[in-house]
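One structure is given below, encoded as structure tokens.
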Amino acid sequence: REEKDEASQLIYRIERPVYNETLIQTKLLKRKEDTTTNCQKLAEKFQCSSEKAKSAALSFMPILSWLPSYPVRKYLFSDVVSGLSTGVVQLPQGLAYAMLAAVPPVYGLYSSFYPVLLYTFFGTSRHISVGTFAVISLMIGGVAVREAPDSMYMNINATGSNASDAINVELRDKSRVQVAVMVTTLAGLIQIVLGLLRFGFVAIYLTEPLVRGFTTAASMHVVISQLKYLLGVETQRYSGFLSAIYSVKAVLSRITSTNIATFLLGLGCIIFLYVIKVLNERFKKKLPIPIPGEIIVVIVSTSISYGLSLSKEYKVHVVGNIPTGLRPPAAPNISLLPNLVTDSFAIAIVGFSMDVSLAKIFALKHGYSVDGNQELIALGLCNFISSFFQTFAVTCSMSRSLVQESTGGKTQIAGLLASLLVLVVVVAIGFVFEPLPQTALAAIIMVNLIGMFKQFRDIPSLWRTSKIELAIWVIAFIASVLLGLDYGLLVAVTFAILTVIYRTQSPKSSILGHVANTGLYCDVDEYEEAAEYEGIKIFHSNSSIYFANSDLYVNSLKEKTGLNPEHLQAARKAQKKQKEKANSNQSSPLKICEAVFLEPFSTVHSIILDWTSATFIDSVGAKAIRQVIKEYATVDVRVVIAGCNRNLLAELDTLKFFTKDLTTDILFPTVHDAVLHCQHSNSHPSVAAVSDMT
């Protein structure tokens, strides 16, 4: 059986000359000549044709690629069920998340209609549900409160103990809406520009641990912001540094004035919603559609509030006036622009990151692809165009997307139907929800964040797998809780980038040895089978060489090989002095004998730098390597380079790395080529390097 296994095993056998880069360039490879001029390339790129026009149209408006072939009989029923189910969830969430955005609830309904409608035409994902989202809404609310705080709208002649009596709520809300709209316009514009510039890759800087730590912190902010609505107490809304702590302190300071009716109603809604969420999760395979807990809470709590006159009799805060119909388009207040650029950029990046990450998850599950750049453009158009109709920034919602996908949604027709359901409410029956208690909306928000708080489970998992990623998660969480979401995100991204620098500055270095009869080279400290060649040190470092780590690379090289040119030079000088002293003392034959038979400085004659892991090098790194080669040459140690890829070689040419004295003869395509060259050169020191290769 063993013989059969050995006979069936693939054999890798090749016999060829030892190659170095000089031989490769002169005899083996010939670079293709590009005769196309830059003008021709530019003309070809901007040349218009029917195929390019069609491709551009389908790319910009993906609905044109799938709607003409939409299988009505196969998909329509599923999309209708999914759209109605998603719309039933989208309606109460729109009302609730408007509170987070610090704007009247009707603007949440606007934000649940226009963007969803637009995404149907421009989006590439078939399953995500675009609309209001807790984290983005909270970020907008923080900006709105900062730019239009309560203190700017105090009624001088107000009377009464109620804090709301002392504030011109109508004027304050109008200003906050203007801020939210301007932020949304700018965020949408940023997303469109980044998408057109093909900057969809910016989301990679928001790593998964960073996003999960950040969204967990945002969930903490959301829950804290809803405590006053749950308890029915009046407190100031804080934003910025330590806003979470100030908010908790403000609520606790007024906890004795809790409205019992508000608290009991909110607590009942939380318990009911949690039970429904558990049932939906446990019986999701048996239920045809999830139980719409949110809309049940909205209908029941609105009915109770209206029937018992909770607002008048028990001072329970309700949604209040919901204007019927849609607002005419209006331009945003450009004068607010200078103070909102940073916030808009943060909202644009976070919104896109949420969108594309969830879109890719569903695309992978259902076997299709999403275009990150088109998603950026689509989300930007949703925000930019919708902002003229008084909406605030949106992205996809995980909870609604799961509803849309789990109820059988096949395409964005489901999203279109969900937006139409919201439209019916806005146009026809919005006034029905005016008695809706705010504590019920707070309950909806809090229960929807349970999934976010489950992200705390990442901590033990990351502790076992990656301490650096755990540090990113923790820093993102703590910074976002204490500094606010805007500065917290900035700190988190900065820290994540620093970890990349740390990893490149602290690469793993090793000395490689040959595994007999394999052609493989492995770490001699890690594998027993790896053995070093006599007189040759093979140094490997799993990083590129540039200004930030070039000194570390050189120091690690000297430490790992045990060969320091300065020390060898000092030893050579000491030996020379000892020899001169011995020769000058003719009366001591013993010393003469010692001088003649002194041991050489080092048994190592060659060092091979394994660059298979290196992807780039800069001028500082190139100078450092050139200097190292010269230093070792002074102590008769040859340094050669192996595994240098073609792009890295081109960079070395650009940096003028090679000279008359330092030619491409020192470059070898593989470590084994370099080893054979060093062995042969040491046994035939008078033979030229090029002739060694043949």
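Each residue, glycine too, has its Cβ placed from N, Cα and C.
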Range annotated as transmembrane segment - as stated in TrEMBL, picked from 57-74, 237-254, 291-308: 291-308
Stretch-level contact, the transmembrane segment (471-502) and the transmembrane segment (413-433), CB cutoff 8 A, at least 3 pairs: no
Segment proximity, the transmembrane segment (128-145) to the transmembrane segment (345-364), 3 or more C-beta pairs under 8 Å: yes
Contacting positions for the transmembrane segment (128-145) when only residues 6+ beyond its ends and CB under 8 Å are counted: 86, 90, 93-94, 97-98, 100-103, 108, 111-112, 115-116, 119, 176, 179-180, 183-184, 215, 218-219, 221-222, 225, 237-240, 243, 340, 343, 346-347, 350-351, 354-355, 358-359, 362, 379, 382, 392-397, 400-401, 403-404, 415, 418, 445, 448-449, 452, 484-486
Paired segments the transmembrane segment (179-206) and the transmembrane segment (291-308) in contact, 3+ CB pairs under 8 A: no
Cβ-Cβ under 8 Å with the transmembrane segment (95-122): same-chain residues at least 6 beyond its ends: 60-63, 129-134, 137-138, 140-141, 144-145, 173, 176-177, 180, 222, 225-226, 229, 237, 298, 319-323, 326-327, 374, 377-379, 381-383, 385-386, 389-392, 394, 412-413, 415-416, 418-419, 422-423, 425-426, 430, 433, 436, 438, 441-442, 444-445
